[in-house]
Amino acid sequence: MSSKVEQLRAQLNERILVLDGGMGTMIQSYRLHEEDFRGERFADWPCDLKGNNDLLVLSKPEVIAAIHNAYFEAGADIIETNTFNSTTIAMADYRMESLSAEINYAAAKLARACADEWTARTPEKPRFVAGVLGPTNRTASISPDVNDPAFRNITFDQLVAAYRESTKALVEGGADLILIETVFDTLNAKAAVFAVKEEFEALGVDLPIMISGTITDASGRTLSGQTTEAFYNSLRHAEALTFGLNCALGPDELRQYVQELSRIAECYVTAHPNAGLPNAFGEYDLDADTMAKQIREWAEAGFLNIVGGCCGTTPEHIAAMSRAVAGLLPRQLPDIPVACRLSGLEPLNIGDDSLFVNVGERTNVTGSAKFKRLIKEEKYSEALDVARQQVESGAQIIDINMDEGMLDAEAAMVRFLSLIAGEPDIARVPIMIDSSKWEVIEKGLKCIQGKGIVNSISMKEGVEAFIHHAKLLRRYGAAVVVMAFDEQGQADTRARKIEICRRAYKILTEEVGFPPEDIIFDPNIFAVATGIEEHNNYAQDFIGACEDIKRELPHALISGGVSNVSFSFRGNDPVREAIHAVFLYYAIRNGMDMGIVNAGQLAIYDDLPAELRDAVEDVILNRRDDGTERLLDLAEKYRGSKTDEAANAQQAEWRSWDVKKRLEYSLVKGITEFIEQDTEEARQQAARPIEVIEGPLMDGMNVVGDLFGEGKMFLPQVVKSARVMKQAVAYLEPFIEASKEKGSSNGKMVIATVKGDVHDIGKNIVGVVLQCNNYEIVDLGVMVPAEKILRTAREVNADLIGLSGLITPSLDEMVNVAKEMERQGFTIPLLIGGATTSKAHTAVKIEQNYSGPTVYVQNASRTVGVVAALLSDTQRDDFVARTRKEYETVRIQHARKKPRTPPVTLEAARDNDLAFDWERYTPPVAHRLGVQEVEASIETLRNYIDWTPFFMTWSLAGKYPRILEDEVVGVEAQRLFKDANDMLDKLSAEKLLNPRGVVGLFPANRVGDDIEIYRDETRTHVLTVSHHLRQQTEKVGFANYCLADFVAPKLSGKADYIGAFAVTGGLEEDALADAFEAQHDDYNKIMVKAIADRLAEAFAEYLHERVRKVYWGYAPNESLSNDELIRENYQGIRPAPGYPACPEHTEKGTIWQLLDVEKHTGMKLTESFAMWPGASVSGWYFSHPESKYFAVAQIQRDQVTDYAFRKGMSVEDVERWLAPNLGYDAD
């Protein structure tokens, strides 16, 4: 061990060390331009280089050195080289693959020089350099092509080659450690570990390795789907000095995962989170002191050995963290119990106290004729179903074997494993790669991100090959099955079994350094009852060898192919299952840890018929000489199999249940087929019809509510349950009316979308969820004035009022409703929800105007708990008190909150506008000037749909298409996706929804912060003026943007243009939704609105593409996929009034006037400038190559006054419309 490494370990044992912060964040603050990235050397490089931050070590080394020094000055002990994207793979984006080694070397050398300088200043605090290996821009375990899940655009070997080149340069440049960071795909990281170890061996060095992964969102998983512990298990073989987490999340969100890692990691733990989560404008709001306070709590809890920062963090953050952890004890390395720690997407730990582990055997071409046929016929989808069935039947590992003479075993193994990676319900378990061919094994290992098992290696080809293979397996990070097989052949007696296993164990642990807990012995299971006397003791020999191995070879595990033992009875499944059950009963008692079995055909020992169990035990334990004959005689009695009729009867079993259970089943499963029939049967059994609702129907809905609350049902299922409930209630209503009875409920709530707002999807979902929990909902619809809400609440004697809104003017209307409730003496709770609402706005603006309980509800899933607490005699007072205390804290924090960046005057902001050289740029001439109506069919638009927000509407979190394979919500997401596409088919075929729109292109020029729009090319007659706002916070390295900056100034003499558009998913949206509501079908009511919303957005995307390629025509050859369109990989923008770049809603009126929108489309604006129908989009078109989306964010009084003057509005009106953007207190 080098003195540097010894120093580092000594420091880690004494205190919490500090890593640096965000490199990209700091580079951005330097406001570098294209020429800065190029320098002299790359002045003529054939592609743009701005954004290639790693190149700056060659073209602007003084900037990188200054950042390193700033972090050292802030207290960092370790700095990271500026090489996050320096592999040949990532550098290919800039055609700089050949410079990868040079950049890595220069970066390490630069960081080394800075570290040495600071160490010389304070020798008692040595500084270290971590050579960074980033994740690359490719994923080895995820297909980039949704249509080909087995496809990969990078291989393990390509990653290894790239990482080796980078590692060599980093080491030679002077790095003290290698940091493999921001791991979002564990297979990439396994390739990095493999490469680093290989290169260390070639260079004759052994530096410490640091590993840091990324939990991407609230699911608690990496991008490639692994949990924290699965991720750790997969890379534990690296024997890293540190293991940690970074990026994607802030301290609040990351805490639980760092805590989990601290619990399971035998090594030191690191964390370098982001400065909170990015806000709606992509900025990081968590200030240094707040972040440091959170990090200190982590340190006090004993989670940390090293801490630093990632995105959004600066030297200020690192300095605050350094002070926060100073003097606190570092995390002590825990004493972790010895266990074989495997992983798929989830961990599987096999220790001394573990139960028997089932290894699924049916994905083996040598053992399953069906699976072999499917693979040979390349029916991989059906082959995946075989694997899925094994996992669903209880297999904790699946064994995969492709060794068949007529198969390309390597290709079949790679394809099947690649497909499994895209099936979370299969990939959650570890993989056992089973082959007698080393080449197949190695190909398979390069495909799995988890820690799997190789089945198998042995000493049959001699010790040299055995050691060579074992070392490679260790480097790949796999556990290994070792067959009891040596140069003399397979062990068939108890003595030979332990002799070979003992010898292999000694070689593996002493010569190879293989962890004993990752050694799994297979002492050979052979068939019994063959009629050959020498075979009679085979089972007993195996069972005895299990006892020997456990006694002599500490921590080693034992496995075996269980079906081998019953091979003599193939074709007689009941007897084979009995043999397996008895064999396992005794083998497990003697130490067998796992077995390759058909997980769907495991009998229970105690459930076997006594005569069959006794006869099988005679054979397994070799208790009688005539055991084989007796079992053969008995076997025919038990031959047989389940019939299709029996299977069908079992499938329809629920229809034979009593009516109460049938109703519950229909409600939970969302089945409407039998609901009237079963409801009638329940009515016949009840004394009064109301009892059916209050009894079995509500009992069933309570089950639905419980399952939803526990996360075992998802919103689309709940809405389907509500549809079943409503149909049952509708059936009963005439009978209830006749009896003049009314049912009881848990409470009554009036809900409404406030005046001026037409959006109601979220409100509808909340209503359905509450109805599922026996609350009576009075839904007043959309655009409801305050007086109607309050009048209805009094008339129906409501227990609560709920307000919803999507557009920012709705926030003011909610304040108005609260004031009216106070004036009229209401005391019932007021609930606030909707896309633009927030806890902060509720606390600061709404709650203070109403003395009754006022509660912000973030989403539908939280509504039930809030409503239940507010209406509970025992919980209400405490809940209200806690909420009020929380909101008071929010108000205090809001009052104290200072902007992350200070405001500037409007004059200063204008001086820092987009400094564009208009002399060197000629704006493209629009091909089709004027206003045109446009239509697009649903079939055209469905190709432009961004499905991710659709799933968000239904509270299913995840990005499309990955959400369809999500382990938690994937099955429901698939059902929902199918229903949505079925609805699209219906809407299209029957022309029930007809998207329409209008577009216009006009001559235009900038005048100050406004845009004059002209009637024609003479530019003498101004049709209208589009007014815009400018960013008004201090921008270091960036312009203070205003949308007008993207249009040529009038004084430049350049002729420029602007476009405007308005589109809707269809005027028929509300009528369709109302029709479904009349049928008591909330599910399809919400579905049609959600689809109309997606069609409107798709229409906006489609029309923008047509504008770029045809109407304006500045990008006629553009050819982008839908994914690229969603990522906005094109020139130009289409900002919408009411959104961050132009947040003032009344500008929609300018578009309506300019395009005569209502005449051409039927679309309307409400008094709050909400668009009707709700599924509508409108906005502007800009063509400028540097046009971009941005957030105006907070503005000051001088700009509000100026804007009011330009618009001809009062300052008070402008302040009302721009309330969320005011950087001052207008009151």
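Glycine residues also receive a Cβ, built from the backbone N, Cα and C atoms like all the rest.
Here Swiss-Prot flags 2-325 as domain 'Hcy-binding'.
For the recorded site, Cys247 (Zn(2+) binding site), the DSSP three-state label reads coil. The Zn(2+) binding site feature in Swiss-Prot is assigned to Cys247, Cys310, Cys311; the stated evidence is sequence analysis.
The domain 'Pterin-binding' annotation in Swiss-Prot covers 356-617 and rests on sequence analysis.
Each residue in the domain 'B12-binding N-terminal' (650-744) has a pLDDT score, and their mean in this model is 80. Taken from Swiss-Prot, the feature domain 'B12-binding N-terminal' covers 650-744.
According to Swiss-Prot, the methylcob(III)alamin binding site annotation covers Glu694, Gly756, Asp757, Val758, His759, Asp760, Ser804, Thr808, Ala860, on the basis of similarity to another entry.
What Swiss-Prot records for 746-881 is domain 'B12-binding', and it gives sequence analysis as the kind of evidence. Summarised by DSSP class, the composition of the domain 'B12-binding' (746-881) is 64 helix, 24 strand, 48 coil.
Among the features that Swiss-Prot reports, domain 'AdoMet activation' is placed at 897-1227, with the record citing sequence analysis.
Here the Cβ of Tyr1189 (S-adenosyl-L-methionine binding site) has 15 other Cβ atoms within 10 Å, regardless of which shown protein chain they belong to. The S-adenosyl-L-methionine binding site annotation in Swiss-Prot covers Asp946, Arg1134, Tyr1189, Phe1190 and rests on similarity to another entry.
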Across all protein chains shown, the one of the binding-site residues Cys247, Cys310, Cys311 with the most other Cβ atoms within 10 Å of its Cβ is Cys310
Closest by Cα to Phe1190 (S-adenosyl-L-methionine binding site), out of the binding-site residues Cys247, Cys311, Asp757, His759, Ser804, is Cys311
Ser804 (methylcob(III)alamin binding site) has its Cβ surrounded, within 10 angstroms, by a count of other Cβ atoms equal to 28
The binding-site residues listed are Asp757, His759, Ser804, Arg1134, Tyr1189; by CA-CA distance, the one closest to Cys247 (Zn(2+) binding site) is Tyr1189
Greatest Cα separation in angstrom, residues Asp946, Arg1134, Tyr1189, Phe1190 binding S-adenosyl-L-methionine per the record, works out to 21
Rounded Cα distance, in Å, between Asp946 (S-adenosyl-L-methionine binding site) and Glu694 (methylcob(III)alamin binding site) is 42
Surrounding the recorded Zn(2+) site, with Cβ no more than 8 Å from the Cβ centroid of Cys247, Cys310, Cys311 and those residues left out, we find Gly22, Thr182, Thr214, Asn246, Ala248, His272, Pro273, Asn274, Gly309, Gly312, Thr313
Taking only the CA atoms, the spacing between Ser804 (methylcob(III)alamin binding site) and Cys310 (Zn(2+) binding site), expressed in whole angstrom, is 37
Here the binding-site residues are Glu694, Asp757, Tyr1189, and the Cα closest to that of Cys311 (Zn(2+) binding site) is found at Tyr1189
Comparing the Cα of His759 (methylcob(III)alamin binding site) with the Cα atoms of the binding-site residues Cys310, Arg1134, Tyr1189, the shortest distance belongs to Arg1134
As a whole number of Å, the Cα atom of Asp757 (methylcob(III)alamin binding site) is distant from the Cα atom of Arg1134 (S-adenosyl-L-methionine binding site) by 22
